[in-house]
Amino acid sequence: MSSSGGSPSKKGTTSVDMQIFATNGNTIVDESYDPHLHRNRPHPTTNFETLVHLLKGSLGTGILAMPQAFYNAGYISGVVNTILIGILCTYCLHVLVQAQYALCKRHRVPILTYPISMKIALEEGPECLRRFAPYAVVIVDGFMIVYQLGICCVYIVFVATNIKQLVDYYWLELDVKIHCLILLVPLIGINMIRNLKVLAPFSTLANLITFVGIGLILAYILDDVPPISERQPVAELGKFPLFFGTTLFALEAVGVIIALENNMATPKSFGGSCGVLNVGMIVIVFLYAGMGFLGYLKYGAESAGSITLNLPQEEIMSQSIRVLFAIAIFISYGLQCYVPVDIIWNVYLVEKYRDSNNKLVYEMLVRIVVVITTFLLAVAIPRLGLFISLFGAFCLSALGIAFPAIMEICVLWPDKLGPGKITLWKDIILIVFGIVGLVAGTYTSVRDIILSFM
């Protein structure tokens, strides 16, 4: 198989190699093969660069939406459930990475994409799931593309809304859709960057801007804080799906994380108790819970889809914060667009144009079409907070929770599911939880989007 998919191969196996095999159903497993040692990436990233990308991929608009998320949950429920969702997201990401590694080892390939991993896992899993294998690639790719395009839409609305506040104050009031249109050409420009290695310095700059911006926001929200008795410790249950969707959107950067692990120079450093994933997620969860709690404490029911929109419009410092975050999120747009472009071009189109003299031109056209698509969606529904909750609930309940659990069941099937098949029951609970989160979160978000236009 090629590094991105195809038919598994046992090529290169000889008795001279003294390789040890174990049977797993009808599959031959080469226990001596280490996929990580056979990866050949043209632009691999270091551990630090990967951590920077991970932080920037997660520290986007989600952290600024956490005060509104806490309004939908309450300050006690918000803190507890942010930590729990953070633990759940991190655990499911570990499950996904480990399942992919096991499949790579089993089939002697260096890398398998998420969709191909799901397809192969379903083919080798329980009989009742094998019928879904032919559709796995399209389903997973579809969710991944929709999710990443959703992030890009949110980013466009965020930048345009924050710029609008400044322009409204200093010049004249323009519709937010006009500001989206003004951003279109610069967004196309940053999406022309073709590999993660080149994006690393931009991600580092965006991280620095984000941390400076968060510090300045804290200066505002810690000034003249209302008593906590004025805020709800636990909100009404009907709002919780909005909290769930927003928090999941904020914490579960599954598309970027898979791309980052696959592109690492030392992928073994990604997992483990002190690996890149755990270190990054601990920082992210701490920041999200803190920002949500303090922002809700300060602004309560007035908490906006981005806390930057709650800051005073006339003060130079608050205006500087909007500019800083607009720059940081604009830079992050290129990183988030990397994933859908990679799927659309490298999975579905590159073979068609491999021998074409205009291959680069076609790739650039794909990049432009992706940006225009996100622009049109952002203009159609410029509702920042509800956009975030919708895409978090709809896409990440599946990609980040249910699908990894299904993959683990299939990879460990039939005799490696632990005593009393404890892993099977654990994964079934995760699948049910993911489905409930998808249905409830999507319904609530769509309902509120419709009501916002009425």
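The chain as shown is numbered from 1 upward.
Glycine too: its Cβ is placed from the backbone N, Cα and C atoms.
TrEMBL has this to say about the protein:
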DOMAIN    44-445  domain 'Amino acid transporter transmembrane'
TRANSMEM  75-97  transmembrane segment
TRANSMEM  135-158  transmembrane segment
TRANSMEM  170-190  transmembrane segment
TRANSMEM  202-222  transmembrane segment
TRANSMEM  242-260  transmembrane segment
TRANSMEM  272-296  transmembrane segment
TRANSMEM  316-339  transmembrane segment
TRANSMEM  360-381  transmembrane segment
TRANSMEM  387-412  transmembrane segment
TRANSMEM  424-446  transmembrane segment
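Stretch with the most C-beta contacts under 8 angstroms to the transmembrane segment (424-446), considering only 75-97, 170-190, 387-412: 387-412. Most Cβ pairs under 8 Å with the transmembrane segment (75-97) belong to 242-260, among the candidate stretches 170-190, 202-222, 242-260, 360-381, 387-412. Counting C-beta pairs under 8 angstroms (sequence separation of 6 or more), the transmembrane segment (242-260) fails to reach the transmembrane segment (202-222), with fewer than 3 such pairs. With pairs at least 6 apart in sequence, the transmembrane segment (272-296) and the transmembrane segment (202-222) have 3 or more Cβ pairs within the 8 Å limit; the two touch.
Between the transmembrane segment (387-412) and the stretches 135-158, 170-190, 316-339, it is 135-158 that has the most C-beta pairs under 8 angstroms. Away from its own ends, the transmembrane segment (272-296) comes close to residues 47, 50-51, 54-55, 58-59, 62-64, 66-71, 75, 78-79, 82-83, 86-87, 89-90, 93-94, 97, 214, 217-218, 221-222, 225, 231, 247, 250-251, 257, 261, 264, 303, 307, 310 of its chain (Cβ-Cβ under 8 Å, at least six residues beyond either end).
Within the same chain, residues 156-157, 159-161, 163-164, 330-331, 333-334, 367-368, 371-372, 374-375, 378-379, 382 sit at least 6 positions outside the transmembrane segment (170-190) and bring their C-beta atoms closer than 8 Å to a C-beta of that stretch.
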